[in-house]
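Below is one structure; the comments refer to it alone.
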Amino acid sequence: MDLSIPSSFSVSEIFPSSRSLSPPSFQKLRLFPFIYDSNLKSRNFPTRSLFCRQNRLSLRAQTSNGALNDGFVLEDVPHLTDFLPDLPSYPNPLQSSQAYAIVKQTFVAPEDAVAQKIVVQKDSSRGVHFRRAGPREKVYFTPEEVRACIVTCGGLCPGINTVIREIVCGLNYMYGVNDILGIEGGYRGFYSKNTVTLTPKVVNDIHKRGGTFLRTSRGGHDTHKIVDNIQDRGINQVYIIGGDGTQKGADLIYKEVEKRGLRVAVAGIPKTIDNDIAVIDKSFGFDTAVEEAQRAINAAHVEVESVENGVGIVKLMGRYSGFIAMYATLASRDVDCCLIPESPFYLEGPGGLFEFIEQRLKENGHLVIVIAEGAGQEYIAQSTRTNDERDASGNRLLLDVGLWLSQNIKDHFVNVRKMQVNMKYIDPTYMIRAIPSNASDNIYCTLLAHSAVHGAMAGYTGFTVGPVNSRHAYIPIARVTEAQNTVKLTDRMWARLLASTNQPSFLNSDDGETVEVRKDKMKINST
C-alpha cells in the first residue's frame, strides 16, 4: 500500500469532517481517536486513528492484513488555549481586507501540515511534519487590545531591519494594530533601556539600512525580569529576532509566560548569517552574505593573479558551520581551496595544504584560499596555548585563523621551501554583516515577518517560523535549538565543491592517522 504524501498537505483530505475545526477543536482532536468513515471513500481504505503524546500528533495506518505502519507525526506548537481554555476567538480582520479579497483561499486550514522530509520511499513512514504558517480564520486578539513588542539580539545580519519593518507594517496594515513597541539594546533592553514607539511611518525606510534599527547586544537575558517587564507594560505579543542563543531565551520566556498563565504570544524569528539554524531551509541574510563574499573573493583573485606566486586568503563567517564559505566558493569559480570547520585539514606532509599550495603555484602562478572563521581553531589553540575565552552570549571567542594561516604559509615557503610568495589577506566580515539585505532576502524577510504576525494573532505561542521544503511553517522553538545545522561532508554539495576546486579532502595526515584522530589528540593535548 502506498502511503506517500506530498510535502504540503491537509489532514482534511483524509478527514473531511475536520475541515471546519478551529485550533482549539483540533487540539481536542489530538486527544481522542478519530476513526475514518470508510463509506466516504473506498471501503478498502485503511482505518486511521489519531493520538497525541508530548505535543506530537501521530497518524498510524493499519493495512488490510493487520500490520501497523507508523506514519504522520506532527511536531506541533503551543497555543494560548492550551493553558487558557476559555479564551475567546474573533473573526480574522483579513476577511474584510481589500488586498486579500483577490486571494482564492485567504486562510490556511488548521490541519494543514508541511513535511520535514520531502523524499520518501514507497514503504517508509511519512515522518515528521510541522504546522503550516499563514493567516487563520479565527484570531485570539482584537486590534485594540494588542500591545506588541519587537526585540533584536546577538550579532548583526543583513535583513534585520526588513523583518522589523514588516512586523510593524503587517500588524498595522493587515490587523489594524497601532500599539507596537521596539525594545532597544537586546534582551537587557526589557529592564534597562527605554522603548521606542514603532509605526509604519517610523520604520518606512529602515530596510535600506544595515544593522538593526533597535540596536542589539549579547547576553543580558534574565527571564524573570523580562517577563516582569512584559507583564508590567501590558505587552501581549513578543517578537524576538535572534540566533540560537536568542531562541533558547525566547523558549524560556514562553515557559515563564505559560507558568504565570499570561495571555502573551511569544514568536521567534531565527537569525544567523552562518545558516546554522536547524530544521529550516536557510536563515535570512545568508543569500546576501554569499553574494557580498563574492566581492572579497574577486578582489583577492585580482590581487594574486597580478603578482608572482600570489597567495590570497579570504576569511569568511562560519563559527561552527561552513555554509557561507562553501556556497561562496561554488559561486565564485576563482577559489582553489575551501577550508571549513566541519572538515579538518593539516598543513605538512603528503596531501597536506602546503603541498597543494606549491602544486597550484607551479601550475597557475597563484591561488585563492577561502577559509571559514571557525576552521583550524584547534591548531591555533595548540600553537598559541590560548585560554578558552567566551563572549557575553557564551560563544567561544575565535582566534584569527586567516592571519595564522597567512603567517604559516609565508614561513613555510620562505624558510623551508626557499620560495618567495606574495601573501594577500582579506577579512570582509564586518562589511558583509553591515550591509542591507538584497532583493531575495528582502522578500524572504517579509514572508518570515508576516508568518510570525499571523501565528501570534491566531494564538500560537512558543514557536519560531521558517521555510521547510520551501513551505513556511510554525516550529517549536526548542526544535530549532536542539542542534546546529552543519555542512554534511557526505552530501553531494560538498562533493561538488571538491570536484570544482580539485582540492584534497585531507582525509589522511602524513603519519597515516585519520584527521579525526589527529583532531581528537589535539583537543586532549590542548586541555
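A Cβ is built for glycine as well, from the same backbone N, Cα and C atoms used for every other residue.
Here is what TrEMBL says about this protein:
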| type | residues | note |
| --- | --- | --- |
| ACT_SITE | Asp274 | active site, proton acceptor |
| BINDING | Thr272, Ile273, Asp274, Met317, Gly318, Arg319, Glu373, Tyr430, Met431, Ile432, Arg433 | substrate binding site |
| REGION | 1-22 | region 'Disordered' |
| SITE | Gly245 | site 'Important for substrate specificity' |
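Of all Cβ atoms in the protein chains displayed, 14 besides its own lie within 10 Å of the Cβ of Met431 (substrate binding site). For Gly245 (site 'Important for substrate specificity'), the nearest of the recorded positions Thr272, Asp274, Gly318, Glu373, Arg433 in terms of C-alpha separation is Thr272. Met431 (substrate binding site) and Asp274 (active site, proton acceptor) have their C-alpha atoms 15 Å apart, to the nearest angstrom. All protein chains included, Arg433 (substrate binding site) registers 19 other Cβ atoms within 10 Å of its own Cβ.
Here the recorded positions are Asp274, Glu373, and the one with the most other Cβ atoms within 10 Å of its Cβ is Asp274.
Taking each Cβ in turn and tallying the other Cβ atoms within 10 Å, the top scorer among the recorded positions Gly245, Gly318 is Gly318. The Cβ of Thr272 (substrate binding site) lies under 8 Å from the Cβ of Gly154, Cys157, Gly243, Asp244, Ser283, Gly285, each of which sits 6+ residues away along the same chain. On a Cα basis, the residue listed as 'active site, proton acceptor' lies 11 Å away from Arg433 (substrate binding site).
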